[in-house]
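Colleague: Could you have a look at this structure, given as structure tokens, before my questions?
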Amino acid sequence: MDEDEQAKFHSRVTFSSESVTINGVNGNSDEEVGNVEEDREGWDNKLQFFMGVISYAVGLGNVWRFPYLCQKNGGGAFLIPYIIMMVLEGMPLFLIEMGIGQRLRTGPVGVWNAIHPYLGGVGVSSAIISFLIGLYYNVIITWCLYYLYKSFNFELPWSKCPMNENGTALDECARSNSPTNYFWNREAIDTSGSIGEFSGFNYHMLICLCLAWLVVYLCVMRGIKSSGKVMYITATFPYIVTTVFLIRSAMLEGAMDGIVYIFTPDLTRLYDPEVWLEAATQIFYSMGLGFGGLVAFGSYNPIKNNCKKDAYLLSAANLATSLYTAFCVFCVLGFMGHKGYTSCIQNEMDALMQLYPGKFASLQELQNTISLDDYKLMMDNKFVDSGFENMANVSKYCDYATIISQAAEGTGLAFVVFTEAILQFPIPPLWSLMFFMMLLMLGLGSMFGTLEGVITSLNDSQLVRLEKPVFTGILCGISCLIGLLFVTKAGQYWVALFDQFTGTYALLCVAFFEIIAVIYVYGYKRFSRDIEFMTGEEPGQYWLITWRFISPAIMLTLFFTTVFKAFSEAPKYFVYDMETTQQDPTPYPTWAMFAALGLVSLAMGPVPFVWFVRKFKIWKVESDIPAAAKCLGTTPSTTYILKSQLSFNRMNESTASELQTLGKLNGQKSTSSAKTSSSNHLAIPNGTSGRKK
């Protein structure tokens, strides 16, 4: 393979002692670098960066999805694959995103363009994914705003069923297992019977949607300088509320049963590949990987920030937060499970009294005669030889594990189970206000990072030449218009579709391409030297092995396993049945699957499209790909790529021939007399990387 062919597969970023050359586009002096760094927005301090990343990565998924996965996949046993996947997949990609953003000082689109023009579509896909996820994520904030508004009442509106004119409860609410379930499905979102039944808008949710986007705009319109300060609140307030909730919920009857249940490991679940798949997938949501937000946040850090230490600390903080919220959630679920189980046993006793009317004088005598443990044993044995064989045909066979698992995922957990639990607290409106303020802060914190990935990408690529407040306002306005889909009466079904498809297939692909781009195109040796330059520490074998082999293999396995599952079993969503008042699993209609395919194609389409356009020079504007100005523009953030300090100053000359050559040339430069301006730049031919000829 000659040098021209090799160049196709290597990064066009080339460092020298005073500049970075991107396919022949040279920078100037070190003095200009300082000006570039000053022009680039940045965090006010390190604490603000930590608050920003925690606020972005720790979101609603930590509150409802992580506890649900623990419950579903063996309780405490799920922590084993979760921690393993965090170490082998989450942390390596976390450092790649933060490190490459910090080193190249540009957003998601600019980073991948700088590494190689063929990879420019990766950044575009990442921005599109962030945009699509932001569309439906802000709808959850909309729901929180509605419940927050309804909490300003002395009596919470979901505490009891609405009444007919004759003083009886509405039929649908009477059939429901609780008024909170009725309020959510009928009063709040007024859900329809399928994803295709739009049935008009929910106007109270429409108002809340507009308000939600207005709040997001006001917080991010000035960029990181405004959103960074808000993140102090969005990052800390949820921990305060969670702590208060944990203390109070731990006092509820049955709370400890929930803790014991969730942390009692069922190790047999570890033999199920789906458990490992869900643990690996949850890492992406839990740590905010693949969205572009971490790349953008990293680009606002000073060049000498210790991003490796940040990766350790923030990963630990994320894991601790997931466990902490799981404690709180399962205290509440334990209480709800205990209440449901007690009610189920009570109904069993009533049925037994009706089947055997002369057996016991009263219900109290029955309860004194048959203990709870004795009755459990009867149910386990199907009432054989119990003296109450007729109960086998009418018993509900109350099971604590089944009861505690009901409504333990997603919106059901936040807007049904927790609202039911809040009613059991003293002064329920106060607890309701605190809870939905916490959800609001979690949602806003994640929205800032998600939206920042979009805004930074477009600003750095110079596709939009508007002032940031104006551009952000237009983006939020367009998002609000598209979001009208989610405030129809089929809105929650569309939220589920976006969540199920946008954040899985495309996200895995983007993360895979990110690792390939940095480790195999930019080069793992070069990236290791960058990490050493920025942190003063060389990355160890753990990082190198996971970057080069383990993490890419995990993501490939995840992708193909997910695709196989989609084709082997028709994807389903949960439809509300107003007759049974239950959520029934229903296959998506064919047209909805085409809509889902369109979302995935929209998100991933830029990767092959940009490669094709630049590979074959379809557009005239792409005829001169090597010019960095055509791929990136020369904004303050991207110009840094052209004017940079040497990232190799701590290298060992014996590690590679490229480093030996660089060391010799630097040595010659330091001992020589005045040279021409062109000799101030070491331009290693693209693709050869200074190899010996």
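Glycine residues also receive a Cβ, built from the backbone N, Cα and C atoms like all the rest.
Straight out of TrEMBL:
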{"type": "TRANSMEM", "residues": "47-64", "note": "transmembrane segment"}
{"type": "BINDING", "residues": "Ala57, Val58, Asn62, Ser286, Asn318, Leu442, Ser446", "note": "Na(+) binding site"}
{"type": "TRANSMEM", "residues": "76-96", "note": "transmembrane segment"}
{"type": "TRANSMEM", "residues": "117-149", "note": "transmembrane segment"}
{"type": "TRANSMEM", "residues": "201-220", "note": "transmembrane segment"}
{"type": "TRANSMEM", "residues": "232-263", "note": "transmembrane segment"}
{"type": "TRANSMEM", "residues": "283-300", "note": "transmembrane segment"}
{"type": "TRANSMEM", "residues": "312-336", "note": "transmembrane segment"}
{"type": "TRANSMEM", "residues": "433-458", "note": "transmembrane segment"}
{"type": "TRANSMEM", "residues": "470-491", "note": "transmembrane segment"}
{"type": "TRANSMEM", "residues": "503-524", "note": "transmembrane segment"}
{"type": "TRANSMEM", "residues": "545-568", "note": "transmembrane segment"}
{"type": "TRANSMEM", "residues": "588-613", "note": "transmembrane segment"}
{"type": "REGION", "residues": "665-693", "note": "region 'Disordered'"}
{"type": "COMPBIAS", "residues": "669-679", "note": "compositional bias 'Low complexity'"}
Colleague: Would the transmembrane segment (470-491) count as touching the transmembrane segment (201-220), i.e. at least 3 C-beta pairs under 8 angstroms with sequence separation of 6+?
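Modeller: Between the transmembrane segment (470-491) and the transmembrane segment (201-220), which are separate recorded stretches, there is contact, as judged by 3 or more close Cβ pairs.
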Colleague: In the same chain, which residue numbers or ranges, 6 or more beyond the ends of the transmembrane segment (47-64), come under 8 angstroms Cβ to Cβ?
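Modeller: Distant Cβ neighbours of the transmembrane segment (47-64) are 140, 224, 227-229, 231-232, 234-236, 238, 282, 285-288, 293-294, 297, 300-301, 305, 310, 313-314, 317-318, 321-322, 325, 329, 409-411, 413-414, 439, 442-443, 445-446, 448-450.
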Colleague: Pairs 6 or more apart in sequence, C-beta under 8 angstroms, 3 or more of them: is that satisfied by the transmembrane segment (545-568) and the transmembrane segment (232-263)?
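Modeller: Since fewer than 3 Cβ pairs under 8 Å link them, the transmembrane segment (545-568) and the transmembrane segment (232-263) do not come into contact.
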Colleague: Taking 8 Å from the centroid of the Cβ atoms of Ala57, Val58, Asn62, Ser286, Asn318, Leu442, Ser446 as the cut-off, which other residues in that chain fall inside it around the Na(+) site?
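Modeller: Apart from the listed residues, the neighbours are Ile54, Tyr56, Gly59, Leu60, Gly61, Met287, Gly288, Thr321, Ser322, Gly445.
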Colleague: Counting only residues 6 or more past its boundaries, what in the same chain has a CB within less than 8 Å of a CB in the transmembrane segment (433-458)?
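Modeller: Sequence-distant neighbours of the transmembrane segment (433-458): 52-60, 62-63, 107-110, 123-124, 126-127, 130-131, 133-134, 137-138, 140-141, 144-145, 147-148, 151-152, 215-216, 219-220, 223-224, 227, 230-231, 233-235, 237-238, 241-242, 244-245, 288, 291-297, 299, 414, 418, 422, 464, 468, 471-472, 475, 637.
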Colleague: Which residues, given as numbers and ranges, are at least 6 beyond the ends of the transmembrane segment (76-96) yet have a Cβ under 8 Å from it?
Modeller: 69-70, 262-267, 269-270, 275-276, 279-280, 282-283, 286-287, 289-290, 294, 307-308, 311-312, 314-315, 318-319, 322-323, 511, 514-515, 518-519, 527, 531, 543, 546-547, 550-551, 554-555
Colleague: Applying a 10 Å Cβ distance cut-off over all chains shown, what neighbour count does Leu442 (Na(+) binding site) have?
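Modeller: A count of 27.
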Colleague: Go through Asn62, Ser286, Asn318, Ser446, our binding-site residues, and report the one whose Cβ sees the most other Cβ atoms within 10 Å.
Modeller: Ser446
Colleague: Which sequence-distant residues neighbour the transmembrane segment (503-524)? Criterion: at least 6 residues beyond either end, Cβ under 8 Å.
Modeller: 9-11, 13, 92-93, 96-97, 100, 112, 115-116, 119, 122, 125-126, 129, 133, 281, 284-285, 289-291, 544, 547-548, 551-552, 555-556, 558-559, 562-563, 600, 603-604, 607, 689
Colleague: Short question: which residues 6 or more past the ends of the transmembrane segment (232-263) have a Cβ under 8 Å from it?
Modeller: 48, 50-52, 54-55, 58, 67, 70-71, 75-76, 321, 324-328, 330-339, 400-401, 404, 421, 424-425, 431, 434-435, 437-438, 441-442, 444-445, 448
